[in-house]
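**Student:** Sending over a structure as structure tokens; questions will come in a sec.
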Amino acid sequence: MKVLVINCGSSSLKYQLIDMETEKSLVSGLVERIGIDGSILTQKVEGKDKYIIKQDMKDHKEAIKLVLEALLNKEHAVIESMDEITAVGHRVVHGGEKYSDSVLIDDEVIELIKDCIPLAPLHNPPNIIGIEACKELMPNTPMAAVFDTAFHQTMPKVAYICPLPYELYEKYGIRRYGFHGTSHKYVSQKVAEVMNRDIKDLKIITCHLGNGCSLAAVKGGKSIDTSMGFTPLAGVMMGTRSGNIDPSVIAFLVEQQGYKLEEVNEMLNKKSGLLGISGVSSDFRDVQMAAEQGNERAKLALDIFNYKIRAQIASYAGIMGGVDVIVFTAGIGENSSFARKEVLKGLEFLGFNIDEEKNEVRGEVQEISTKDSKVKVYEIPTNEELVIARDTVKLLNK
Ligand code: AMP
């Protein structure tokens with residue numbers, strides 16, 4: 001059985017075809033600049049040259065058409081006919097309060113995803129476009145929606161209700177939802193498996209540190225708190241996002257300094273975080289390089305980044321009444337021994353020490369705490385696509 005996993009962004013589309021017998025990715029690809037001049041599709045198959053198609057694609061439907069052509073292309077083929085694609089799994093960012101798990105897509109589900117657009121105006125529309133394009137091009141292939149918010153629907157009210165007038169929750173659904181759920185779910189389950197422990201007995205803190213960053217407190221396999229909130233702007237500092245700040249800053253900039261609300265919104269989402277403080281880049285590697293060359297603001301950006309994450313880890317150990325394992329994942333979490341080491345500095349009182357040599361390993365499942373550590377620390381490469389494909393198969397077999 002082969003499942004096509006689709007992740008549509010506003011002008012991009014990532015895809016993977018996964019063989020569910022082996023759970024191996026047969027092909028992965030990226031379409032960029034959809035609807036913009038210079039659209040490009042890049043497809044990778046293990047052991048073969050990259051397959052690149054440069055051809056303008058005016059919308060996601062054209063992009064998906066080209067993806068299907070690329071999958072069937074004579075020279076680069078991984079499948080011989082479309083019938084080999086048993087199902088399609090779509091990443092959908094926001095499922096609101098309605099979805100605490102993945103669902104098979106029908107017209108009602110599409111309507112409900114549309115209802116969540118006000119909660120995720122940048123993310124849900126391209127997700128829906130991707131679903132509708134696939135529906136048109138592959139009308140007989142079942143599809144599933146896997147939500148970024150779903151894993152966090154187990155959070156208790158004490159974690160998700162904002163200290164605002166309660167009517168705002170009742171009227172508008174203003175509450176904390178949390179994101180990156182597919183990744184937090186995958187790495188928490190994976191670490192339990194690697195440790196050969198029942199996840200029900202574990203208190204896990206998962207740190208998804210990439211361009212977007214979020215942490216989750218996973219107790220007994222369930223997310224009981226996470227750092228992102230009503231939107232993915234909340235929580236710890238990120239590449240270009242501020243994370244939590246005093247909300248009065250917004251009123252101050254608008255009322256006292258003449259900024260437009262859209263400008264402040266753009267600033268908080270796209271010009272803050274590592275980029276905003278360093279003035280160098282939103283990319284962790286660039287900022288680290290600048291810091292090593294003596295750039296003081298780059299150094300400050302890294303210090304604040306690490307400090308916010310350290311504080312969040314300590315807080316989650318507090319609310320769970322301890323921690324058994326801390327997991328690092330995503331671009332920075334999987335690859336940067338420097339970030340892991342700096343984030344964890346001062347937290348050794350929780351009951352771990354870092355094995356410096358093991359911490360140098362990059363992008364692999366790896367315990368990085370010393371053997372005698374009571375609390376374990378791991379790096380686990382995330383695999384959101386595999387969770388999407390697994391959930392899709394689970395729904396098909398129901
Ligand atoms: P993601 O959003 O998960 O793709 O992560 C992107 C982030 O990971 C960027 O800030 C990159 O600089 C960072 N990253 C990727 N590889 C490394 C590496 N080897 N060392 C440090 N940071 C890295």
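Heads up, the Cβ atoms here are built off N, Cα and C, so glycines get one too.
Sharing the features that TrEMBL gives for it:
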- ASN7, GLU384: Mg(2+) binding site (BINDING)
- LYS14, HIS208, LEU209, GLY210, ASN211, GLY212, ASP283, PHE284, ARG285, GLY331, ILE332, GLY333, GLU334, ASN335: ATP binding site (BINDING)
- ARG91: substrate binding site (BINDING)
- ASP148: active site, proton donor/acceptor (ACT_SITE)
- HIS180: site 'Transition state stabilizer' (SITE)
- ARG241: site 'Transition state stabilizer' (SITE)
**Student:** Which of LYS14, HIS180, ARG241 has the fewest nearby Cβ atoms, counting only those within 10 Å, among these recorded positions?
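**Tutor:** The recorded positions LYS14, HIS180, ARG241 were compared, and LYS14 has the fewest Cβ atoms within 10 Å.
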**Student:** I'd like to know which of the binding-site residues listed (ASP283, ARG285, ILE332, GLU384) lie near ligand 1, counting only a CB under 6 Å away.
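**Tutor:** Correct list: ASP283, ARG285, ILE332.
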**Student:** Would you mind reading off the Cα separation of ASN211 (ATP binding site) from GLU384 (Mg(2+) binding site), to the nearest angstrom?
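**Tutor:** Between the Cα atoms of ASN211 (ATP binding site) and GLU384 (Mg(2+) binding site), the distance comes to 15 Å.
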**Student:** Pop the Cα-Cα gap between GLU384 (Mg(2+) binding site) and LYS14 (ATP binding site) into the table, whole Å please.
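**Tutor:** The separation of the Cα atoms works out to 12 Å.
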**Student:** Using only the Cα atoms of LYS14, HIS208, LEU209, GLY210, ASN211, GLY212, ASP283, PHE284, ARG285, GLY331, ILE332, GLY333, GLU334, ASN335, which the record gives as binding ATP, return the largest interatomic distance in Å, rounded to a whole number.
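**Tutor:** Value for the max Cα separation, rounded to a whole number: 23 Å.
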**Student:** Hey, does DSSP put HIS180 (site 'Transition state stabilizer') in a helix, a strand, or just coil?
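**Tutor:** Once the DSSP labels are grouped into three classes, HIS180 (site 'Transition state stabilizer') ends up as coil.
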**Student:** Which ones, of the recorded positions ARG91, HIS180, ARG285, ILE332, have a Cα no more than 10 Å from the Cα of ASN7 (Mg(2+) binding site)?
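**Tutor:** Candidates kept after distance check: ARG91.
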**Student:** Work through the binding-site residues one by one (ASN7, ASN211) and point out the residue whose CB has the fewest other CB atoms within 10 angstroms.
**Tutor:** ASN211
**Student:** Work through the binding-site residues one by one (ARG91, ARG285) and point out the residue whose CB has the fewest other CB atoms within 10 angstroms.
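**Tutor:** Counting other Cβ atoms within 10 Å of each of the binding-site residues ARG91, ARG285 gives the minimum at ARG285.
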**Student:** Can you grab the distance from ILE332 (ATP binding site) over to GLU384 (Mg(2+) binding site)? Cα atoms, rounded to a whole Å.
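**Tutor:** Spelling it out, the Cα of ILE332 (ATP binding site) and the Cα of GLU384 (Mg(2+) binding site) are 16 Å apart.
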**Student:** Taking 10 A as the limit, how many CB atoms besides its own sit near the CB of ILE332 (ATP binding site)?
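**Tutor:** The Cβ of ILE332 (ATP binding site) has 27 Cβ neighbours within 10 Å.
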**Student:** Where the distance is taken from Cα to Cα, which of the recorded positions ASP148, LEU209, ARG285, GLU384 turns out closest to HIS180 (site 'Transition state stabilizer')?
**Tutor:** ASP148
**Student:** Other than its own, how many Cβ atoms are within 10 Å of the Cβ belonging to GLU384 (Mg(2+) binding site)?
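**Tutor:** The answer is 24 other Cβ atoms.
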**Student:** What does DSSP assign ILE332 (ATP binding site), in three states?
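**Tutor:** Assignment for ILE332 (ATP binding site) reads helix.
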